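Encoded as structure tokens, the structure appears first; notes follow it.
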């Protein structure tokens with residue numbers, strides 16, 4: 001029996017301000033993801049790992065997502081903290097992320113305090129760096145699970161698509177700021193204080209960013225509190241939690257299951273793009289465009305990171321633009337008909353546009369096809385300009401990818417949660433209001449007894465299951481990448497590693513990362529077909 005008391009509130013005098021504060025935590029979250037995805041692959045290659053072994057390191061993401069998001073989601077669903085079900089996990093997780101980032105940046109120095117110079121120190125440095133990456137991924141997945149669930153908890157069903165659109169905007173801002181910071185030579189600008197390399201400074205900035213952004217959202221949002229029913233309730237143990245997740249995964253409602261399968265096929269394609277595109281652009285630059293003085297630089301990691309970040313700045317700018325413009329061009333579920341009165345000269349044109357506005361599902365399907373049409377040309381990119389163009393083309397599909405599934409999942413979760421047959425609420429519960437300083441507004445809020453109300457009682461569970469379908473294809477992507485790297489580039493990186501040239505892989509054949517991107521393009525076609533099937537169900 002679920003009993004929630006109080007009302008969710010968000011500070012702010014306007015709807016836009018409240019939406020921004022509710023989703024602001026995602027700015028810091030995505031900034032940190034961006035730094036990890038941009039720099040950690042070349043960082044590990046610089047430490048001496050081969051690409052095939054580096055691909056195995058990146059199973060940290062799917063493992064952490066597979067374990068942390070559903071488990072933390074279920075635990076948070078039943079949390080009775082007086083501060084709410086989501087915010088304590090968000091704060092604790094963000095602090096842990098920041099600490100692990102510092103360990104990652106200073107792995108060499110930490111190991112150097114205990115181990116003398118030699119091969120053993122290098123090995124232990126790699127071990128500590130890999131361990132810190134795993135720790136960051138586990139902690140950040142816990143934060144992400146609660147950030148997404150908090151949005152679902154707070155907003156009524158008619159506002160789920162708008163809330164997810166605002167989340168997409170915050171993600172785009174985090175991407176853009178993170179990649180722009182990555183293009184700046186921070187050591188040259190700020191000196192060697194607080195880190196003598198670009199990577200060290202970026203880990204500090206990322207840690208500060210995630211703590212600050214999460215703190216803003218936690219300050220602005222007041223959650224409902226889950227209270228005891230007065231009976232002796234036995235809290236579920238780890239076995240019961242896993243059993244509940246497994247049973248729910250096997251018995252998903254048809255529409256939620258269809259959403260999950262779209263994500264499954266989509267993420268087989270996006271996984272290599274997110275983790276290797278920066279390295280791919282940087283390697284393309286070193287192989288085809290870089291002058292000799294750049295090839296001989298002592299900070300190849302910084303150079304590849306900055307070149308790769310520049311391409312992702314363009315990608316993020318396209319994503320940022322799409323996140324703000326696309327919601328205006330796509331039909332909202334609360335938009336029944338066109339009722340505004342435009343100037344007479346434009347009335348007919350505006351009316352026709354409103355009539356033929358695409359819905360979000362159609363945009364999602366087109367996004368898969370657009371991503372596929374870009375990445376299918378990756379093996380033919382022999383200049384950094386062409387590679388950057390292909391990366392930039394993926395900005396719009398990414399805007400839709402992080403908007404659509406969360407919007408549809410939020411709607412379906414709240415349809416389940418709002419069923420009076422499933423859950424009972426305290427009679428003292430009051431209507432949702434997004435601001436304590438403004439009166440109740442029907443367009444933003446709905447009484448809990450209404451079938452459009454939102455309480456997110458199942459948000460942690462079902463968003464955790466959605467993340468399982470996001471992470472399982474990452475294992476597939478890791479396996480594919482490992483095979484491709486082992487065949488095409490089995491040695492160490494000639495651009496980054498200081499190993500003897502005899503240990504380097506050849507650089508005159510096809511780029512292995514581009515082949516992985518090509519395979520991802522094929523998978524995205526499957527995602528487009530799965531989206532078409534979802535449209536038939538809805």
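Any Cβ shown, glycine's included, is placed from N, Cα and C.
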Annotated range (TrEMBL: transmembrane segment) out of 21-44, 333-356: 21-44
Which listed span TrEMBL calls transmembrane segment, if the choices are 360-380, 423-443: 360-380
Range annotated as transmembrane segment - as stated in TrEMBL, picked from 287-306, 307-326: 307-326
Surrounding residues of the transmembrane segment (307-326) on its own chain - C-beta under 8 Å, 6+ positions past either end: 34, 38, 42, 165, 168-169, 171-173, 175-176, 178-180, 182-183, 277-282, 285, 363, 384, 387-388, 391-396, 398-400, 403
Segment-segment contact (the transmembrane segment (360-380); the transmembrane segment (512-531)) at 3 or more Cβ pairs under 8 Å: yes
Positions whose Cβ lies under 8 angstroms from the transmembrane segment (468-488), at least six residues beyond its ends: 50-52, 54-56, 58-59, 61-63, 65-66, 69-70, 249, 260-261, 263-268, 271-272, 276, 505, 509-512, 515-516, 519-520, 523
The transmembrane segment (88-106) touching the transmembrane segment (386-408) per 3+ Cβ pairs under 8 Å rule: no
Cβ-Cβ under 8 Å with the transmembrane segment (512-531): same-chain residues at least 6 beyond its ends: 51, 258, 261-262, 264-266, 268-273, 276-277, 279-280, 283, 361, 364-365, 368-369, 371-376, 378-379, 381, 473, 477, 480-481, 484-485, 487-489
